[in-house]
Amino acid sequence: MLDTDTITAISTPVGEGAIAIVRLSGSEAITITSQIFEGKNLQEVPSHTIQYGKIIDPGTNEVAEEVMVSIMRGPKTFTREDVVEINCHGGMVAVNRVLEIVLAKGVRLAEPGEFTKRAFLHGRIDLSQAEAVMDLIRAKTDKAMSVALKQMDGRLSKLIQKLRQELLETVAHVEVNIDYPEYDDVEEMSHAMMKEKSKEVRDELDKLLQIAQQGKILREGLSTAIIGRPNVGKSSLMNTLVQENKAIVTEIPGTTRDIIEEYVNVRGVPLRLVDTAGIRETEDIVERIGVDRSRQVLKESDLILFVLNYNEPLSEDDKKLFEAVDGLEYIVIINKTDLEQQLDLDEVREFAKDRPVVTTALLEEQGVDELEKAIADTFFTGDIDTGDMTYVSNVRHIQLLKQAKQALEDAMEGIELGMPMDIVQIDVTRSWEFMGEIIGDTASDSLIDQLFSQFCLGK
């Protein structure tokens with residue numbers, strides 16, 4: 001599974017910029033770069049240094065680019081191989097020219113995520129740490145970045161390894177009892193001891209799963225729909241949160257005829273904000289399409305921001321919207337409180353039941369702090385603490401933790417039924433294997449290939 005050839009790729013985003021980087025990794029990385037580099041002898045310079053020089057096109061013997069070359073010798077590198085990073089001028093022409101010259105020397109173009117995959121296969125990081133690399137790149141808030149950094153640092157890995165070790169010692173103890181019953185110096189593993197150990201690990205997994213939803217929110221963001229009758233201030237709400245005009249705000253009801261999306265950071269919680277067309281019955285075919293799409297978005301949302309107009313009584317359409325969001329997670333926003341009151345607030349609270357109700361005058365920027373607090377408090381109690389918490393944010397990890405927990409509960413049930421110890425240990429071993437998939441110890445080659453294929457090229 002481990003390729004040993006030298007690979008290369010552009011490691012910086014496509015487009016114009018001050019600097020672009022062509023990365024190489026493999027046993028021939030330094031040798032090949034030295035063949036196209038005019039400057040100091042790269043094979044003799046100290047590791048982890050950067051050298052100024054020029055890239056020479058072997059085909060024309062002309063200067064192709066002025067560069068700074070970083071030399072890093074394995075195993076003290078990300079991939080644990082020799083690594084070279086050619087820093088050239090930004091822009092597609094310059095960086096592609098350097099890449100073409102490197103490829104012409106026989107270096108293979110890297111597959112997506114192959115540098116990180118090599119780091120994993122060489123034991124530099126485990127699978128959960130490798131996945132955290134991509135989470136870090138995709139992080140949309142400081143809190144999400146903090147969670148990814150801690151996972152990259154091995155916080156989750158160390159906990160999983162500790163729990164797996166406890167299960168492994170338990171299984172090994174049982175096997176010694178079964179295979180070598182004559183060993184009097186080895187205490188027999190009783191059903192009570194096995195149940196106690198299984199419960200201890202199960203409880204630790206349960207703690208992780210209890211805050212897993214919060215971790216998933218920090219990683220992926222909340223799909224948040226803004227709903228309400230036309231002209232109640234939905235676009236004004238989005239504009240206030242995004243702090244730039246993404247939707248046209250007019251006095252004509254029904255202006256927003258399509259789905260408008262934007263990511264926003266609300267007190268560390270990433271929201272994928274969706275401004276829907278006003279949900280109402282309409283004869284306008286174009287608007288009706290937008291309304292149908294809005295209803296679908298509603299069903300798929302994690303959170304709904306339901307906007308009402310302080311300047312108008314509660315309408316039949318408003319009441320239908322309350323019916324539509326019944327059983328869903330939503331916050332009621334009473335907007336336009338700077339105008340004359342026509343809305344019965346007691347009636348609104350009766351329809352909202354125990355859901356949060358926030359008053360705003362968005363065009364006057366009033367009530368925004370209270371709204372942001374209500375959003376954060378809906379999913380997090382108080383300030384979001386990423387310092388001492390071990391968050392599980394990856395859906396794959398969450399599913400495996402659930403399976404590991406269930407396997408231990410199966411073992412505990414077997415003990416209650418008086419099943420033989422060698423049968424009970426099968427479920428304990430299953431739990432150990434499920435946790436091993438998180439860090440890659442028991443993951444299949446096909447799973448590993450599939451995970452790394454989701455990475456960006458050059459990472």
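Every residue gets a Cβ built from N, Cα and C, even glycine.
Quick caveat, the model's predicted, so the values are computed rather than measured.
Taken verbatim from Swiss-Prot:
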BINDING   R23, E85, R124, K459  (6S)-5-formyl-5,6,7,8-tetrahydrofolate binding site
BINDING   231-236, 250-256, 275-278  GTP binding site
BINDING   N231, T250, I252, T255  K(+) binding site
DOMAIN    221-380  domain 'TrmE-type G'
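Feature map: Swiss-Prot annotations on the structure.
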| residue | record | Cβ neighbours (10 Å) |
| --- | --- | --- |
| R23 | (6S)-5-formyl-5,6,7,8-tetrahydrofolate binding site | 23 |
| E85 | (6S)-5-formyl-5,6,7,8-tetrahydrofolate binding site | 19 |
| R124 | (6S)-5-formyl-5,6,7,8-tetrahydrofolate binding site | 18 |
| N231 | GTP binding site | 20 |
| K234 | GTP binding site | 29 |
| K459 | (6S)-5-formyl-5,6,7,8-tetrahydrofolate binding site | 20 |
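Of all residue pairs in R23, E85, R124, K459, the annotated binders of (6S)-5-formyl-5,6,7,8-tetrahydrofolate, the farthest apart have Cα atoms separated by 19 Å. Taken residue by residue with DSSP, E85 ((6S)-5-formyl-5,6,7,8-tetrahydrofolate binding site) is part of a strand. In the three-state DSSP reading, R23 ((6S)-5-formyl-5,6,7,8-tetrahydrofolate binding site) counts as strand. Distance from the CA of K234 (GTP binding site) to the CA of E85 ((6S)-5-formyl-5,6,7,8-tetrahydrofolate binding site) is 48 Å. In this structure the C-alpha atoms belonging to R124 ((6S)-5-formyl-5,6,7,8-tetrahydrofolate binding site) and N231 (GTP binding site) are separated by 56 Å.
For K234 (GTP binding site) paired with K459 ((6S)-5-formyl-5,6,7,8-tetrahydrofolate binding site), the C-alpha to C-alpha distance reads 40 Å.
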